[in-house]
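A.B. asks: Let me give you the structure first, and then I'll get to my questions.
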Amino acid sequence: MSRRAVVDVTPDAVLKFNKPTEKFLCPVSANTFIEFLEFRIRDVESNRAMFEVKRPSHEIDWNARDLSGSDELRKISYTFPAEFLSYKAIGTTLVFAVCPAGIKNFRMIERHYFKNRLIKSFDFTFGFCIPGSVNTWESVYTMPPLDSDQIQEMIDSPDQTMSDSFYFVDDELIMHNKASYRYST
Amino acid sequence: MGLLTVLKKLKQKEKEIRLLILGLDNAGKTTILKRINGEDISSISPTLGFNIKTLAYNGYKLNIWDVGGQKSIRSYWRNYFEQTDGLVWVVDSADRPDRFADCKLELHGLLTEERLSGASLLIFANKQDLPGALSSEEIAELLDLKTIQTHHWQIVGCSAVTGENLLKGMDWVVTDISKRIYMLD
């Protein structure tokens, strides 16, 4: 498979998507630029972590990365307690390492859907990333207020809340991840 | 969420503002950022890149960029000047005497940057909780702040550890930015 995206996937194209994609839009091997080190989701009011993953070490050997990963590794399924849906503010933190050459323009677009309807879209431009750097980004946002019927519908519909995360370097898609969400009572 | 209350003051037209936190290494930039976000500050290591906080509230957005202050990284600061509405310069008020000359030089260098010319300037005289910390008046003298004619500026003595005056400083810079944008209109 080539290192380039399978189709010409631009940020503008992604921003028009209104449902989850059926396939991944670039190969795993497209990402020679960044490595995720940590990801965390917290309830801002209590500063309690709801989800946390960390690599044991921040040291990356850029010459020996395994870029042959299967699609299963690009999908994550989250289970959150139902109370998550009534939190006022959520913070998501991403820690990532940047390749020794650095990045001129780094951008992330994330589309969240419920039952194939867009419910939230994030578009963040990091811009320049220092060669060999380790960087942290926390996005804190208030949750849209949901009434009890909406909350029940989301609880009753496991994995119908989904998201696509697209990462671009100089407007070229280098990484695409998917997530699905379920809420347990 | 003290910062969200500061954000409430923004008027409709300043939907998005961008703050850049800079200063010498070990000034306490990241600790301030974490502290105002209600996060744990017990184990903070030197920033080898950037830390970004994006706070979205009722359609308003505050982006805060904290870029590492080590000498080897300072040459990359200029990559983060674009669209900066407010510059927050953090000073270790208990630093070694010889470092204040460096601190003054770096700050005055930034003030000649065209892309920062419209930015409000907040100086945090941090670490006021430490014995031997210089007062904000003494820091203002050492950094020769009274000669600054090009920027709205304010110095605030604070402590990232106790939280003293952090919101007061943030409130000043956000208010100054929103007044300035209002006047331009």
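Positions of Cβ are set from backbone N, Cα and C atoms, glycine also.
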A.B. asks: According to TrEMBL, B:GLY23, B:LEU24, B:ASP25, B:ASN26, B:ALA27, B:GLY28, B:LYS29, B:THR30, B:ASN126, B:LYS127, B:GLN128, B:ASP129 bind GTP; which one of B:GLY69, B:GLY86, B:GLY169 is listed for that same site?
C.D. replies: B:GLY69
A.B. asks: Measuring Cα to Cα, tell me the gap between B:LYS127 (GTP binding site) and B:THR47 (Mg(2+) binding site) in whole angstrom.
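C.D. replies: Counting only the Cα atoms, the answer is 18 Å.
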A.B. asks: Return only the integer: C-alpha distance in Å from B:THR47 (Mg(2+) binding site) to B:LYS29 (GTP binding site).
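C.D. replies: With the alpha carbons as reference points, the distance is 9 Å.
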A.B. asks: Report the largest Cα to Cα distance, in Å and rounded to a whole number, among the residues B:GLY23, B:LEU24, B:ASP25, B:ASN26, B:ALA27, B:GLY28, B:LYS29, B:THR30, B:GLY69, B:ASN126, B:LYS127, B:GLN128, B:ASP129 that the record lists as binding GTP.
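C.D. replies: With B:GLY23, B:LEU24, B:ASP25, B:ASN26, B:ALA27, B:GLY28, B:LYS29, B:THR30, B:GLY69, B:ASN126, B:LYS127, B:GLN128, B:ASP129 as the binding residues for GTP, the largest Cα distance is 21 Å.
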A.B. asks: Under a criterion of Cβ-Cβ distance under 8 Å and sequence separation of at least 6, what residues of the same chain contact B:ASP129 (GTP binding site)?
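C.D. replies: Correct list: B:SER159, B:VAL161, B:THR162, B:GLU164.
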